[in-house]
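The block underneath contains the structure these notes are about, expressed in structure tokens.
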Amino acid sequence: MGLHGFCSADTSDPFWDWNRTWYTTKPDFTQCFQNTVLVWLPCLYLWICAPLYLLYLRSHDHGYIRMSHINRAKTAVGLLLWIICWADVFFSFWERSYGSNVLAPVHLISPTMLGFTMLLATLLIQYERMKGVQSSGVMLLYWLLALLCATVTFGSKISRALDQPLTVSVWRYTTFYTYYALLLVSLCLSCLTDQLPLFSEAVKDSNPCPERGANFLSRITFWWITRLMVTGYRRPLEEKDLWSLNSADRSHKVVPELVGRWNVECQKVKRTEQRTLYSPREAPPSEGKEGRAVESEVLIVKAQKAKEPSLFWALCLTFGPYFLISCLYKIIQDILMFVGPEILRLLIRFVNNSSAPSWHGYFYTALLFICTCVQSLILQKYFHVCFVSGMRLRTAIIGAVYRKALVISSEARRTSTVGEIVNLMSVDAQRFMDLITYINMIWSAPLQVVLALYFLWQNLGPSVLAGVAVMVLMVPINAVIAMKTKTYQVAQMKSKDSRIKLMNEMLNGIKVLKLYAWELAFKDKVSKIRESELQVLKKAAYLGAVSTFTWICAPFLVALSTFAVYVLIDEHNVLDAQKAFVSLALFNILRFPLNMLPMVISSMVQASVSLKRLRVFLSHAELQEDGVDHKAAVGTSHSVSIVDGVFSWSRAESPTLKRLNVCIPEGSLVAVVGHVGSGKSSLLSALLGEMDKLEGSVAVKGSVAYVPQQAWIQNATLRENIMFGQESREAWYQRVVEACALQPDLEILPAGDETEIGEKGVNLSGGQKQRVSLARAVYCERDVYLLDDPLSAVDAHVGKHIFEQVVGPQGLLKDKTRVLVTHGLSYLPQADLILVLVEGEVSEMGSYQHLMATEGAFAEFQRTYAAVEHADHDETVPTSGTKASEGCSAAAPAGPEVSRVSKPGQTGEEDKVPGKKAKQAEGGKLTEADKASTGRVKLSVFGSYLKAIGVLLSCVSLLMFLAQHLGSLSSNYWLSLWTDDPVVNGTQPNRRMRLGVYGALGLFQGLAVFGYSLSGSIGGILASRCLHQSMLYDVLRSPMSFFERTPSGNLVNRFAKEIDTIDSLIPSIIKMFMGSMFNVVGSCIIILIATPLVAIIIPFLGVLYFFVQRFYVASSRQLKRLESVSRSPIYTHFNETLLGTSVIRAFGEQERFICESDQRVDLNQKAYYPGIVANRSPNSLCSLAPGSPHRSPGPHTGPRVPTQAPGSPHRSPGPHTGPLSSPCQWLCVCRWLAVRLEFVGNCIVSFAALFAVVARESLSPGIMGLSISYALQLTASLTWLVRMSSEVETNIVAVERVKEYSDTEKEAEWKQEPSRLPPGWPTDGCIDIRGLGLRYRPDLDLAIRNITLVINRGEKVGIVGRTGAGKSSLTLALFRIIEASEGHIFIDGVDIALLGLHELRSRITIIPQDPVLFSGSLRMNLDPFDCYSDEEVWRALELSHLQSFVSGLPNKLSHECSEGGENLSVGQRQLLCLARALLRKTKILVLDEATAAVDMETDNLIQSTIRSQFEDCTVLTIAHRLNTVMDYTRILVLDKGEMAEFDAPHNLLAQRGAFYKMAKDAGLV
């Protein structure tokens, strides 16, 4: 029968007729086509989509939506449409029965098919409601398709009714118009959003993300974000404006998936290894007695490479399925890309063909508009999927690294410094995020190349092979550049790691740097690392210039070689406008994949480096799960037992603890004693499972609490530090605070226990930190308490109070098992069991009486030192309100903030009354969160950046830019003249001359590009060097109060992220901004010359673009700032966790810390998510090169945007934790912006084509081609200009943040010029203090006042007093850590206020309470300036009793100290600080509770060393143990910031004043 018979009984209605459809001034489709294709097309769409859609809905249940008015309306309209279709079918049957004409089958089949489809659509609407779908894209597209098809029929029916009124069937026309109206209603209804499903998360959420509830159109155009943009335009956005994350993007959903998949991979590898190593072999029958013996033989396999678990595969399984959607979008976008040049070809052919009907031109214009709009929307959806995948990937990696860090073994922990682990979170996670956005180019680029070559062959024939040959030659060049880039990147990464690590340590030990005047030595160390980093950047800049040169010259050479071969092989080959412009559009498409491919490959190489780093870290050995058995001890009377225990910190080293056999009965108090380095702390670590158990077994009954030797304090309130995540029990809390002698401290803290404690407890003294740490353990009520010398940092009387109230037989913990490491001999008689450790072995064990009776080493040691520490046990325990707090503010590591904590209490007596706590929480606030600045970036910021580059270099770059763009304009104009050359006898006579000039202009352009690329990159490096140096100097010149207020995470973030932005991003973004600006100006000039008509729309366009840019930048900039600010807390918290892992594990609080980290990551992603929707879509040059004519069909052989290629320096691997960081993401822009700007751009394209169609009679093809091309190019350039200006402003914030520290308060000058010091000062060490008073902040009262005293040459003065008495304030005044508010201090007659800080601090020495070491050699830690000879260093070590220890080390003085000196015991670190003092040997020595962490014997050695070596020096000692200062010349007693007593010790005791009371409390009288 065929289609003709199917459509009409008499075959009078053909299926297709060209004369009716195309070659006519009034086009129309045939009736047959309308009744078949236009009806079946929407039906086929829905029937194909329905099964897949139903499966999707079944697996994605969002809840149940109750029947609403919208849903009822949708269902009713669907049923009406179904009824109309069936009415048509029944009418056809009726017609067939009663009508005279034979009815064609199409009138029955098409309405039946449509009827079933409408029924399916109605059922789908209901099923969607039951599955919680608020707005359906599938259904909206169906109604749209049905309406479009019906619209063609609608127009045709109207024209037929007007032309042939007699052929009209009233019934069919009535039903069709009703059907059409209902389709329109259905489409409108499907644009609306239904109500929220029941029990939806969004109902509970205070600020849910509007994306879930947005309708389909809103989602594809990103309209749902507009409200946020409007808010951002009216006022700066704040954190409360940000939406909650979608549940699929949150850490609790994403991280467990990846961790689970990774664990499966690890298990696979373990199973494989076990199968390989042990292979059972049956013994021959003769060998076995039974003939069936089986022996398991260990095969010695050849040293084959162990199989590694695949992190890549785990990532693919976790994120692959969602990411695959982007591949679908990419295929569609790639195909649509080639529609543009084809339509351009048709347009030029139409303009040349004067006989073509004019509607053809309008049709091409409309088609161009539709295709470009669809392409824009699909491209933006593609990037949206990519970015969300990247965001989830980053979340998962950060979560996985954090979780691993909590279980990593101590041996593995040594191989990764804090800095390196933080880099895994920031840099490597970011690298994956960057790669995800354009990894599809791996398959997309070859596809684009093949398609482009196919169309080029169609256009120019075999000549195109010349161009292909040039491209193939460029591949190895790009490959070499990519490989070199990788080498540079690894080198730069290494430098960056070590620089950040060193900065981290410097910031952690900043107080020590200041006290020793070591800032310059460490500044030089950082600068040296930075210099090597910049050298690598410079090499990369040269490489970048070469690659930019090839990036620009390659497409030009391809075009030149192709055109040259085309016109020279046959003189009849004429280069006309159609061939030239369409070929150039295709070459521009080719440029993108060819240049992206090497970039993507090199980025994949970078990502593989990151993948390896992550895999190595995640594969590290974990703590032995069976290290400590908590079940074995159940049912026994022993709380702790170790049987034949051998423990080591690393399996590579010899054991630290050997042959341990210890049984501790439940509820007993065990004291562990021994010399420094004998393994006391290691024993506790072994009980916690922190060490490698090589042999034996360990059993601990019940839960554990641990108090480390160096208290770990969180950056939280004091109350939160004590409660440590436990539920609040007020009565118990008060008892704990009372017992731990914290009540007096709460009285003087600005906001009581709500006072915020700074990072690492900066605003607490050593004693306070230790007591908070103890209070935390007591509050948590555990079964076993491991106490690592918690009483060392407190005064004797406070120690006694704590022992009796907490640890001792009558204390709060009397029923618990307590293992107490101690150097305090007075506590030993009350211990149930004493363990004596010598070199990692238990030498003696037993009760106090038993050990004394055996007359061993312990008894002898005890007799020697018991007299020294004799305590009067009959003394009443001091009450916490009066005497219980020790003078530990002396230990406050960082001057100014001590005040914040301990001084406000002195403002008036009423503050001391416990009942009157009129304290505000604000007073307790200490650290300043990283604030996001608001509003536009000031011009001064741009000024300071240009100043950092240099005026000359800036001018050179500008001239090079100008030259390049002049070259580009000239070559394009020249090409248009060439295509207009008259054809004589089928040839163009001047073609050789045209070709030569065209080539020369291209070469000139390439050289200019090389010049500006080089000058721009070098300028960027000079600027980043200058800015880094000034920030480093500014930070080091800041006073201590600055470091207490500013979390180290913020500072590290500045040195890592912001400096990386300045190194890498800003130079390239400025280059692109300049390029697009010149493009816009050039384009306007050419267009105005060629087609003055276009001038009508240029001003309108300018105003619109300016408004969009201002509207968009306001939100974009602020989102970037919020994202940057919320990033620091992730790393600050991670840093804090790494320092306290042993405490967190001991208390079993891992889950709580994981939740806290996840929350911080989610908070950061909350600011990032609107950013990627509103902010960033790395159109990866797509918006420039690849496109449809509106993007780049023009004759621009140079690029519109000078873009860096693979080797560019700004692809450095630094911690770009921000969202802009990779070759594609330099071009990051906003999807919200892109959809709107590209829509306007698409309108402009259509206008340009329209003007060409209207004025086709008066324009020559060449000038017209040039005009259209530039009109199309102008949109891309303007869009790019908006994006780049936003990027410049968004990223220049990094300079603003770096310059921020130049305006903060600074210390006095380091050196005074000229120096006023007499040579060798101070020669005597006389200290004369006159009327000294100081305050910590202008708004506080004086912390110490009216101090007047004279300390003579060589005197030894002890400084004592209660907490808050001002002991440490006095020493801080001496070092000018805090400047005196009134009065003067003279040393040898010189007023120290007139000296440079380094002149003062380098000539007096302090041994601080916290022994701080830096990673590096022992020698560097003793003498960073290399001022002393090796002999002098060894002599200092000998006097500080470290010579035998250091001589025993394999590398002696070159022994590497780990970060913070963690591979030395606290006591050894303290002795190293003594060695520093002995090396400097200045006339004045200050001891700040320097012997708190060492045992009695070592303390005695130190004291004797100080007495002999500093005999002729003036020594000031802040003392806890009064016995250490009883033989001093004089004692200074401070009380409430004033001098209470100052005399020789025996005189003070005779006076029976404050000192006598303290001595009596300590049992010394």
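Even glycines carry a Cβ here, placed using N, Cα and C.
Pulled from TrEMBL:
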type: TRANSMEM; residues: 37-56; note: transmembrane segment
type: TRANSMEM; residues: 106-125; note: transmembrane segment
type: TRANSMEM; residues: 137-156; note: transmembrane segment
type: TRANSMEM; residues: 176-193; note: transmembrane segment
type: TRANSMEM; residues: 311-332; note: transmembrane segment
type: DOMAIN; residues: 324-606; note: domain 'ABC transmembrane type-1'
type: TRANSMEM; residues: 362-383; note: transmembrane segment
type: TRANSMEM; residues: 435-457; note: transmembrane segment
type: TRANSMEM; residues: 463-483; note: transmembrane segment
type: TRANSMEM; residues: 581-605; note: transmembrane segment
type: DOMAIN; residues: 640-864; note: domain 'ABC transporter'
type: REGION; residues: 875-929; note: region 'Disordered'
type: COMPBIAS; residues: 909-929; note: compositional bias 'Basic and acidic residues'
type: TRANSMEM; residues: 945-966; note: transmembrane segment
type: DOMAIN; residues: 956-1169; note: domain 'ABC transmembrane type-1'
type: TRANSMEM; residues: 997-1023; note: transmembrane segment
type: TRANSMEM; residues: 1080-1108; note: transmembrane segment
type: REGION; residues: 1184-1217; note: region 'Disordered'
type: DOMAIN; residues: 1229-1290; note: domain 'ABC transmembrane type-1'
type: DOMAIN; residues: 1329-1561; note: domain 'ABC transporter'
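Only pairs six or more apart in sequence are counted, and the transmembrane segment (435-457) with the transmembrane segment (311-332) gives three or more Cβ pairs under 8 Å, enough to call it a contact.
Sequence-remote contacts of a segment are chain residues at least 6 beyond its ends whose Cβ falls under 8 Å from one of its Cβ atoms, and for the transmembrane segment (137-156) they are 28-29, 34, 38-39, 41-42, 45-46, 49, 53, 121, 124-125, 128, 176-177, 179-180, 183-184, 186-187, 190-191, 215-217, 219-220. In this chain, the domain 'ABC transporter' (640-864) lies apart from the domain 'ABC transmembrane type-1' (1229-1290): fewer than three C-beta pairs between them fall below 8 angstroms, excluding pairs fewer than 6 positions apart. Long-range Cβ contacts of the transmembrane segment (997-1023) within its own chain (Cβ-Cβ under 8 Å, at least 6 residues beyond either end) map to 534, 537-538, 541-542, 544-546, 548-549, 552-553, 556-557, 560, 563-564, 945, 948-950, 953-954, 956-957, 960-961, 963-964, 967-968, 970-971, 974-975, 978, 1062-1063, 1066-1068, 1070-1071, 1197-1198, 1202, 1204, 1208-1210.
Residues of the domain 'ABC transmembrane type-1' (1229-1290) grouped by DSSP class, helix first, strand second and coil last, total 54 helix, 0 strand, 8 coil. Beyond its flanks by at least six residues, the transmembrane segment (311-332) meets 254, 257-258, 261-262, 264-265, 378-379, 381-382, 385-386, 388-389, 392-393, 396, 432, 436, 440, 443-444, 447, 611, 614-615, 618 of its own chain at Cβ-Cβ distances under 8 Å.
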